[in-house]
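Asks: Sharing the record's features from TrEMBL:
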| type | residues | note |
| --- | --- | --- |
| REGION | 1-61 | region 'Disordered' |
| COMPBIAS | 51-60 | compositional bias 'Basic and acidic residues' |
| TRANSMEM | 112-136 | transmembrane segment |
| TRANSMEM | 142-161 | transmembrane segment |
| TRANSMEM | 181-202 | transmembrane segment |
| TRANSMEM | 222-242 | transmembrane segment |
| TRANSMEM | 249-268 | transmembrane segment |
| TRANSMEM | 322-340 | transmembrane segment |
| TRANSMEM | 361-383 | transmembrane segment |
| TRANSMEM | 403-424 | transmembrane segment |
| TRANSMEM | 487-513 | transmembrane segment |
| TRANSMEM | 533-553 | transmembrane segment |
Amino acid sequence: MSYRFDAGGSNGTQTNSDNEDFGDTSFESQPLLNAPEDHRRTRPRTPAMTKETDLEEARPKQTARITGRRLFTVCSILVTELCERLTYYSVVANMVLFCTDKLKISSDSASVITLVFSGTVMCIPVVGGIIADSFAGKYNTILGAGLIYILGLFLLPASAIDYRKWFGGDEDMSLGTRKTYFFVGLVFVAIGTGGIKANVGPFGAEQIKDLGPDAVQSFFNWFYWFINAGAVVAYSGVAYVQQEVGFDYGFLIPLLSMLLAIVIFMIAKQKYIHQPTDGSIVAQSCGVCCQSINKCKNPSWRNALKENGGSYDHPMVEGVKAVLKVLPVFGIVIIYWAVYSQMSTSLFLQSERMDITVNGAKLPAAILNIFNTLIILVMIPIMDRIVYPTLAKYGKSPTHLQRMGIGIFLVALSMVYAGIIEIIRKKDMENHGFISQELSGSTFNASKISMFAQVPEFALIGGSEVFASISGLEFAYTQAPEFMQGLIMGLFLMTSGIGSYVASLIVTIVQSWRTSESSDWFPEEANDGHMEYMLFLLAVLSLLSLVAFIFVAKWYKYKQPHFEGETVVLPPPYENQSYESYDTKVSAALGKKQWPPEFDETSRL
């Protein structure tokens, strides 16, 4: 990046070039400012650009069109993610049912197992991100994690098959052995999917990031679209096979899907753009923090800089600052993910106890997740091609955090609706009786109300993902320096994992309040307690987190995106005006704390 003062002639040009990222105090990618009045006599007048919207409009227009090699590599990554997500959702779609029917585990314990597994899957990406950023690189980390993934997927069908049917023996596998295969398989699956999730999104964005922020935003929109395309297949076709044909065949499908994902990913190896690694990110980050506070009387980030006796350069220090800046945002989003995880637990238990037939044909209870994914598949193209471009045209583009706030509000509404449906469902059973229905060998007393009454629950959660999850991925990518993208993406995904743990903790807490089975907020048998109370509790927690999120978002300062090959051109100061005074005006116009672009001395811990 370069910047220069233009005094109207070649003799007045002063140039300084560097490649450092100064975070809030950098002067990257800023457009031409309005020249002083006296200077306008010798050069054409340019529009005044003192507002953020003007600055955004003045940036060089970069095409978001992806063609040729880029299109091939991006499509390879997107299809790989589709297959991987089909695999993952095939594993979790009927996990509660598999645990209760095949492993003879109670429904509340099965829900906890599902939540803990989902939480672990989302916490491991932090490790995957660190490995990729530090030494392995994103491509190698994704490939290695995929191979571990496949190892676990071999164990899942082994835990489900009937050995007498498959091998003609006289004895079947013992329940203890079946559980061992299943849980060990889940460990490998968690490691594999965690290593992939932290890196596949940033790796795809790296292929097109030089096309500008619009291309990056579009990539993440379609990245999420492919994720949910895989989920549709898992929750409809694969879930049906598991429930009506058998888990042995139902677990073979995700194994084949993941094998296909690895093959597709490797095909484009020679065409990918690979970013170099930058050593141990965690060790360097800890070193920056320690050196920044080693002077108790004057703690400052400057203490870690090489020119002040520290060991680190500007980009590393600013990278650590970027991580710490996003942590409050990530922390609040945890509640969102705790509510989101209810689709595979409490909402699934609710589905099992509603009429799952249509004209006599039995549908898988997990099929309702399709409405979560369908709303996403429909909304993403609309938002990407119509809504966001239209808002941008009128200068009303919502920020990442504004979009995430909308998502949190929608997920709160979904829990309110789910609680109301639970009340209506049980009241219907009291007034009009119930039906008995069998799912994979287990029998449930169910309401005569169709399970499709739950569609708004899943649709609202799907709509919330379009705003909260996609924007969160884009936020994590854009606010991270290149050498920390895996780490920050892993931290964002970790919020989902912690959210699942929090949901499990909430189940444990509300169960401790019980005085009888009928007073339990999350009973072993959903017909006997008051699960609606827990759903309403989750809605309240979501609204409280939204209030906290608005407060944090109000004070958050975004990192300015960097556009490669751009030159910053500044006019000279007014006649007889000091550069110190002019610096203040430039800083105010650009919304910066300081100019020239040197390290911010006022930055404190």
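If you go along the chain as it appears here, the first residue is 1 and each next one adds 1.
Glycine is no exception: its Cβ is also placed from the backbone N, Cα and C atoms.
Unlike curated records, TrEMBL annotations are generated automatically.
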Asks: Can you tell me which parts of the same chain pack against the transmembrane segment (249-268), counting only residues 6+ beyond its ends and a CB-CB cutoff under 8 A?
Replies: 72-73, 76-77, 79-81, 83-84, 86-88, 90-91, 94, 142-143, 146-147, 149-150, 153-154, 156-157, 159-160, 234, 238-239, 241-243
Asks: Against the transmembrane segment (222-242), which of these stretches has the most C-beta pairs under 8 Å: 112-136, 361-383, 533-553?
Replies: 361-383
Asks: Please indicate, using numbers and ranges, the residues of the same chain that are 6 or more beyond the transmembrane segment (322-340) and have a C-beta under 8 Å from a C-beta there.
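Replies: Distant Cβ neighbours of the transmembrane segment (322-340) are 23, 122, 285, 401, 404, 407-408, 411-412, 414-415, 461, 464-465, 468, 472, 475-476, 479-481, 484, 487-488, 491-492, 494-500, 502-503, 506, 538-539, 541-542, 544-545, 548-549, 552-553, 556-557, 559.
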Asks: Compare 403-424, 487-513, 533-553 by their Cβ pairs under 8 Å to the transmembrane segment (112-136) and return the stretch that comes out on top.
Replies: 487-513
